[in-house]
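Structure first, then comments.
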Amino acid sequence: MRFNAAITGALVSSATLMGQAHAEETEKKADATSLVEKPTFTPTTIEAPFLEQFTADWDSRWTPSHAKKEDSKSEEDWAYVGEWAVEEPTVLNGMVGDKGLVVKNVAAHHAISAKFPKKIDNKGKTLVVQYEVKPQNSLVCGGAYMKLLQENKKLHAEEFSNATPYVIMFGPDKCGATNKVHFIFRHKNPKTGEYEEKHMTAPPAARTTKLTTLYTLIVKPDQSFQILIDGEAVKNGTLLEDFAPPVNPEKEIDDPKDKKPADWVDEAKIPDPEAKKPDDWDEDAPYEIVDEEATMPEDWLEDEPTSIPDPEAEKPEDWDDEEDGDWIPPTVPNPKCNEVSGCGPWTPPMKKNPAYKGKWTAPLIDNPAYKGIWKPRKIPNPAYFEDKTPSNFEPMGAVGFEIWTMQNDILFDNIYIGHSIEDAEKLRKETFDLKHPVEVALEEASKPKLEEKAATPSVSFKEAPVTYVREKVDYFVGLAKQDPINAVKQVPEVAGGLGALLLTMILVIVGAVGASSPAPAAAAKKGKEAASAAKEKASEAVSSAADTAKGAATKRNTRSSAQ
């Protein structure tokens, strides 16, 4: 048992030293956000049909719209009153000097556009559309998608609206249960000349956090497309197979003039005409019958009514028997019935009738006259056409954001529209790949840390030792569930105390099993006494180590303030 005491003493000393070391470590910690090193924005040298980083001359390219939104479902006029600004992020800013286009108003219609230096013709080429979205207040209900507008010499930026013809719509949209990344393109029917929107099926979910998200769309001349989020592919498909309605109509359609013959038999099954109802089939037998074997419970009070006059009720003072009639007190449930199985006349319960069979019907058999499900004959589709290259989008002359959102401060940046996958990746490495890790670090640093919780018990050890120890242990267990190593660092006194207790119990068990003393009862008694003593020392270790650590920290703080 002297060995156990020595071990316990050593652990207590270790816990004290660990507590002092931890106090010093906590004292040295600085604000995590100040330790995050941010890169500085440098304009790219990449050239593209359209590349926007919202540098100082951005307003020479972008024009807010002052048009009115067209809405056939409402008589009210909606103007694009939402304001725009170019500024650095105010939330999780991951790059010094990096400005973006920011939505400034909540619950407002916003529209802004920029013309391309020259129209973008994608015939026979790869189209790459890439841009950053940073919802600084998260994205709960609103759009953050862009539109590539159809080339039109008559297009005036100030008149840009939801009615302005676009070629491609791409980007995130979130509201309620809707959460997706749009990819829609308008396709012209070569026979009728009419345009039809083709919507990508099974769209991926949008990212709605306050971090910058990079959305990339790649459409290749082989009609395949790919959507990437933060540089990772989230959707692959083809323009000919993954859009609704499909680009090309069916070659054949149902003949609208074809009619089902009058003698066509649609019934696959019919009642068996040779089947007969069994002689013992009783259709009149009831579904339930009285349970003749049931007996009245012994505590059933047949003479007690289920309700009685309310003994606490009193006749109103203004009650006139001549005018109002005899006053009858209201009734209340008989309290005696609550204590027994029931009151009043007893009737036996019902039970399912074993002889019940219900109405007899003949079993079904295959209909020998069945001809199958009738379908009209097929005829060639007069509106059929085949467009094998829908990626040859119509020429595009501008890019615009035409959105409505309940959140402001949505930031757009680093827009690339061109034909080079390599250049888009290079731009990503120059911008997103540098700022995004910083934003993640800033977000992590801004989260409340576990050690920020009430690590100090609500009472002192002298006031309530049991409560003090329990709160310390609970705090240690909560930390250990997420990070055991951090738990030992944060509450070393509890770790040391629990370790001492565990080691003592192991030694007691080993000693009890391997003891060869002729007096086992005495040995067991000594073991229990030793275990009890160890527990007391472990509790003392928790309090003394904590007090030692607190004292050390207090002394150091005092010296710091004095300096």
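Placed from the backbone N, Cα and C atoms, the Cβ positions cover glycine too.
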Among ranges 134-176, 435-477, 521-563, whichever one Swiss-Prot labels region 'Disordered': 521-563
Same alpha-D-glucoside site per Swiss-Prot - residue from GLU386, GLU394, GLU402, GLU422 joining TYR145, LYS147, TYR166, ASP173: GLU402
Under 8 Å by Cβ from CYS337 (disulfide bond), counting only residues of that chain that are 6 or more apart: LEU301, GLU304, THR306, CYS343
Candidates CYS141, CYS175, CYS343: member of the disulfide-bonded residues with the richest Cβ shell (10 Å): CYS343
Binding-site residues: ASP173, ASP413 - member with fewest neighbouring CB atoms within 10 Å: ASP173
Where CYS337 (disulfide bond) sits in the secondary structure, as DSSP reduces it to three classes: helix
Residues near ASN236 (N-linked glycosylation site) in space but at least six apart in sequence (CB under 8 A): SER224, PHE225, GLN226, ILE227
